[in-house]
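Chemist: Sharing a structure with you now.
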Amino acid sequence: MANRNVPIPRRQLYIGGEWREPVKKNRIPIINPATEEIIGDIPAATAEDVDIAVEAARKAIARDDWGSTTGAQRAKYLRAIAAKVLEKKSVLATLESLDSGKTLYESAADMDDVAGCFEYYAGLAEALDSRRMTPVNLNSDSYKSYVLREPLGVVGLITPWNYPLLMAIWKVAPALAAGCAAILKPSELASITCLELGEICREIGLPSGALNILTGLGPEAGGPLASHPHVDKISFTGSGPTGSKIMTAAAQLVKPVSLELGGKSPIVVFDDIDNLDIAAEWTLFGIFANTGQVCSATSRLIVQENIASAFMDRLLKWTKNIKISDPLEEDCKLGPVVSAGQYEKVLKFISNAKSEGATILCGGERPQHLKKGYYVQPTIITDVNTSMEIWKEEVFGPVLCVKTFKTEEQAIELANDTKYGLGAAVMSKDVKRCERFTKAFQTGIIWINCSQPTFNELPWGGKKRSGFGRDLGKWGLENFLNIKQVTEYTSAEPLAFYKSPSKN
């Protein structure tokens, strides 16, 4: 087991390149979801702290040491941060697991991905220098035009607790690469590693105010950030109701937002798959990785009727083989959910499904060997109909619901029977069928013969109530750039639109 005695640093808010105590001096306890014990606390920012952070960010943009940097100069900072993350990987991964309940294996993988994301956007920052000014050919000899790509300005980044540092970096890295000054507001349920990012930025000498980190409650810190008149954009990942509130606040100022709001993603399994075990493992990974706390989790299994019995038998055996334990234990593959509130929410979904007539095929309660912690067994629910809550609503926990189908048309109808549109997966060796499903799925992300692989180079985002805008890839960088048209009149001839006045 990893060392659970790693000390929890007692940080303040990271504003203007230094640690600052919150104006109201309040703090929020940190609860280890594996033990239910308080292991530390984080500062609780309020509107007053948001004002200070916004001012620090605006000063950073106005100063030459950040506001006038080239992409190549910003890339050096991003690469320095990446190197520090890898240097501190072991401690950061342990802190992440203690804070959020993620398995240590997943937390360590997240740190590799964090460093990789900074490296990726360092490359895009360098490439931005040659793209900053792009000439545009016009059908006119009298004008010369070009397009400028410029940083949007001060951006607010509000991020979730399920991948605390990684999903923060999906926004921080491109924002800094673009030359924006950012204010990061992570979830109060898991903020430790985001605060440690502040220490890393201090250590590598990131110009003050380029990145500011405010921990605290959503209404007290996130709300004032979203509605602040001097914040030029909000990028948010989280729940639908909170996303709606952010849109409402931003709308008053006609402020741009990008939103990633979760989903109820399907995985469709056809009878022509070559190997039941391969398909079963991908199905499990799609819903039980990160304890099911994944916005794109393929939480609805739609399996062809004539293989359903055999496939479910294999799926059940794989599920019962998952090691559930303290997330710091070696080979742990499923830890606790993040909080008491999330624990009660997941169990309520399971209870409601049973009350509505569904069958709890396996799981559905606390593992018997774990008396403390917010643990929920990996759960598979069958005999589900499309009117049930468990079919329609995002659980955000280790819960898979199952339906069968006979025809492709039925499978598509079931797959798209959701208000969300983030991800979808299809398992089949028929290439043409996979192409048909790629076109038919009403989602922003499609996986063929897999579920959940994620790459820095590819766009991440959805349709319908899963939100709009894209993280990652070149699209993630464009989120934080403003396009400015510049046109010059180059002819010596007068415009000749108005009648020239007499010279007398």
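Backbone N, Cα and C define each Cβ position, glycine as well.
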Chemist: Quick check on the annotation: Swiss-Prot has ILE31, LEU189 binding Na(+), so which of ASP99, ASP113, ASP129 does it put in that site too?
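Modeler: The one candidate that Swiss-Prot places in that Na(+) site: ASP99.
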Chemist: Look up GLU188 (NAD(+) binding site) in the DSSP assignment and report helix, strand or coil.
Modeler: coil
Chemist: Select one residue from TRP161, TRP460: among these binding-site residues, choose the one with the most other Cβ atoms within 10 Å of its Cβ.
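Modeler: Comparing the binding-site residues TRP161, TRP460, the most crowded Cβ belongs to TRP460.
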Chemist: Return one of helix, strand or coil for TRP161 (NAD(+) binding site), based on DSSP.
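Modeler: Its secondary structure by DSSP: coil.
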Chemist: Tell me, if you would, which residue among THR159, ASN162, SER239 (recorded positions) has the fewest other CB atoms within 10 Å in the structure shown?
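Modeler: Sparsest of the recorded positions THR159, ASN162, SER239 by Cβ contacts within 10 Å: SER239.
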Chemist: Given the recorded positions ILE31, PRO241, CYS295, TRP460, which lie within 10 A of ASN162 (site 'Transition state stabilizer') by CA-CA distance?
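Modeler: Of ILE31, PRO241, CYS295, TRP460, within range: CYS295.
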Chemist: Three states by DSSP: which one describes CYS295 (active site, nucleophile)?
Modeler: coil
Chemist: Calculate the distance in Å between the alpha carbons (Cα) of GLU188 (NAD(+) binding site) and ASP99 (Na(+) binding site), and round it to a whole number.
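Modeler: Each residue's Cα considered, GLU188 (NAD(+) binding site) and ASP99 (Na(+) binding site) end up 10 Å apart.
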Chemist: Which recorded positions (ILE31, LEU189, GLU260, CYS295) fall within 10 Å of TRP161 (NAD(+) binding site) by Cα distance?
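Modeler: Within 10 Å of TRP161 (NAD(+) binding site): LEU189.
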